[in-house]
Amino acid sequence: MFGKLLTKVFGSRNDRTLKGLQKVVNKINALEADYEKLTDEQLKAKTAEFRERLAAGASLESIMAEAFATVREASKRVFEMRHFDVQLLGGMVLDSNRIAEMRTGEGKTLTATLPAYLNALTGKGVHVITVNDYLARRDAENNRPLFEFLGLTVGINVAGLGQQAKKDAYNADITYGTNNEFGFDYLRDNMAFSPQERVQRPLHYALIDEVDSILIDEARTPLIISGAAEDSSELYIKINTLIPNLIRQDKEDSEEYVGEGDYSIDEKAKQVHFTERGQEKVENLLIERGMLAEGDSLYSAANISLLHHVNAALRAHTLFERDVDYIVQDGEVIIVDEHTGRTMPGRRWSEGLHQAVEAKEGVRIQNENQTLASITFQNYFRLYEKLAGMTGTADTEAFEFQHIYGLDTVVVPTNRPMVRKDMADLVYLTANEKYQAIIKDIKDCRERGQPVLVGTVSIEQSELLARLMVKEKIPHQVLNAKFHEKEAEIVAQAGRTGAVTIATNMAGRGTDIVLGGNWNMEIEALENPTAEQKAKIKADWQERHDAVVAAGGLHILGTERHESRRIDNQLRGRAGRQGDAGSSRFYLSMEDSLMRIFASDRVSGMMKKLGMEEGEAIEHPWVSRAIENAQRKVEARNFDIRKQLLEFDDVANDQRQVVYAQRNELMDAESIEDTIKNIQDDVISAVIDQYIPPQSVEELWDVPGLEQRLQQEFMLKLPIQEWLDKEDDLHEETLRERIITSWSDAYKAKEEMVGAPVLRQFEKAVMLQTLDGLWKEHLAAMDHLRQGIHLRGYAQKNPKQEYKRESFELFQQLLSTLKHDVISVLSKVQVQAQSDVEEMEARRREEDAKIQRDYQHAAAEALVGGDDGSDEMMAHTPMIRDGDKVGRNDPCPCGSGRKYKQCHGKLS
């Protein structure tokens, strides 16, 4: 109550932000008359003038008003479109590391030209990021004339471009592309073997369209570059045959049913667990098929891989449904995006789940892959110096944007008042009653000539409605993951008189629904249309538009509430664009998944008290509130999953940044001769320490073992025992120096034989290849560590802290092994000439050609730390290690005598 009172007096934070920005809008408007008088050449010359001022030390903020006025005037001349004041406000929000919530149809694409132009003036590059290739190409081509008029270059970064084409795209002032492609290019650049192979410049400014889709819906999807691992398809097929023998435990909360079933499903958490009886049954089935030894347990350490396959198969059969979570097309299992309803070809579930679904559907099982490089979108986008985004629905996720990315959300007002009528939800007892009511509503709308957009949450539901409409002889179009090739065409005409369009989650479709249909597309369909044809098309459209407005505008009809309020708001936002008439209503039933899982008891109780009859609906604010609370619960859980993913990935991210920074340093260096000299002393000394412990008596020395090891690993055949027998004054330190000097002399001899330039090139190639191989193994070790870390909770240990501690130890091991392996390879390999180095490089390129890009959707329980989710939610905490923390300037614990930052704290 007091909060509302204070807001009335002082205004909301959003109002205060907009009020501050309005002063700059007034400045831009004041400049408009002067800029209208400029010739085209004078207007174009503004770009060079701004760049000179920036070079002289001016800030972007100081030239913002003039730059925005320049873009507005150029847009009037090139597009005959003038930026509204609210678009100027949106542009300023986007320049200030914030997220602009702008309603559908408010011209987000045109708004983006303002901050894109301003930030491109620095010459550091601007990345405008969209959700798919079609939108990236469309927006780039639409805005290219404006930017080129102002003397800026535009690039498009999409899948399938060659290296030079990608370089050209990134070297442009403004680069349009998809989030996936920018992320993969970052990973590929950090796997390059020469600076010439890199395509990206340092990451400066990212402007993300549909920012909620990319930074929230995609946050659990790591980008992975992978190579094929061993084939285990036979095992998936065998395990798949076990699952139909298992029985679900129906009433997991009832004591009388405990132990009756083989597995239980937790629908809220989207998890499945074996019961004690189920575990025994699976073990017996595995023993019968000869896959498990008699008396052996599925949960023993030796059978972890088998347990992994059984769990994946159970999840595939019980939690993943065909035509809801995936479709089968041309013998392939293709994931369906739960948020947009789009198919995602090329994307695969991780943890062996995709192979288990392939086995379930009887299609070809593709090999599991080994991770070579990976990053989450959360950590990729935090690499940018400046980050901003725009969407029609950000306010419900404002806390997450601020908490994870440090981005405030500003709701930008609409240019015209919104007049869409959002009606209360109607709740029915059964799904059948709900569908009958939906059909009746559609018929009523068609009689009035009002277009209807029906939003469904799954392909299965959209096909069910389509069958009902065929039965009722209602003409309609279906837009879902199976038919999105016709997407733009269907959406463009969804606003025609009496049109009925069924769409699986409309989020991110990228094409506005224009009342009366899209006249631009009609003109584009004609070859060389005459002025008369254009005028006729526009006049016909105006007539249709007026008829649709009179009928009430576009009617949005939701068939089920989504888990996220934001997705529901996106569906509603398709109507009422730019002040158009429109309406929306959601039809629900007690059989809907959200209602069944989260809101059933309370709402069912209300309905029974009201004595509802068949076909009767309940419409009450209490019900709407109960549903909204259910959605909040799901949103909170999903936020916790994303937050925990980030906390785990932050550990890997710190290591990734160290490795990538060091790798780039090595690659950019003309020679790494000094690095090799530094690590050779460490490596040889560490080997000597194993056989001649420091400050030990000679009786404890294992000289034969040392001689053998030096010969096997470093090709050093040294008569150490002979030296000791002949030279009484030879002690531990002088012996150590002689062995290290012997290695240096042997290496110098190799250098004289092949030539310094060839050896320098070979050193770099060995260092990079060894680092890449060990990094790949390290990522696999980190994966295995993460998958089992939740079990530490049973030992009263904090799984997150244990993960941080053990991953640090793994990283220490990586650095130590890297040094040893590099010196060992350089010692053993005989390089004869430049051709040997070139052959090594050719083999590497051949291997590179085999790697593939995967988008792997991380499973929830893999992220939150185990089946029971017992690991408590916590804020990101500092890394805890056993013993004292090693400071960067402290002596390295390895005993080298050097500072930690110059030894194990760095690769060299």
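From the backbone N, Cα and C atoms, a Cβ is placed for every residue, glycine too.
Residues or ranges marked as ATP binding site by Swiss-Prot: Gln87, Gly105, Glu106, Gly107, Lys108, Thr109, Asp512. The region 'Disordered' annotation in Swiss-Prot covers 865-908. According to Swiss-Prot, the feature compositional bias 'Basic and acidic residues' maps to 879-888. Residues or ranges marked as Zn(2+) binding site in Swiss-Prot (evidence: sequence analysis): Cys892, Cys894, Cys903, His904. Positions annotated as compositional bias 'Basic residues' by Swiss-Prot: 898-908.
Taking the features listed in Swiss-Prot, we show where each one sits on the structure.
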{"residue": "Gln87", "record": "ATP binding site", "DSSP (3 states)": "helix"}
{"residue": "Gly105", "record": "ATP binding site", "DSSP (3 states)": "coil"}
{"residue": "Asp512", "record": "ATP binding site", "DSSP (3 states)": "coil"}
Cβ-Cβ under 8 Å from Thr109 (ATP binding site), same chain, 6 or more residues apart: which ones?
Asp139, Asn142, Asn143, Asp209
Densest Cβ neighbourhood among Glu106, Asp512 (binding-site residues), 10 Å radius:
Glu106
For the ATP binding residues given in the record (Gln87, Gly105, Glu106, Gly107, Lys108, Thr109, Asp512), what is the largest pairwise C-alpha separation in angstrom?
17
Which has the fewest other CB atoms in a 10 Å radius around its CB: Gly105, Gly107, the listed binding-site residues?
Gly107
Give the number of CB atoms, excluding that of Lys108 (ATP binding site) itself, located within 10 Å of its CB.
21
Name the residues of the same chain, 6+ apart in sequence, whose Cβ is under 8 Å from the Cβ of Gln87 (ATP binding site)?
Glu106, Gly107, Leu110, Thr111, Leu114, Asn415
Other than Gln87, Gly105, Glu106, Gly107, Lys108, Thr109, Asp512 themselves, what residues in this chain have Cβ atoms within 8 Å of the centroid of the ATP site's Cβ atoms?
Met102, Thr104, Leu110, Thr111
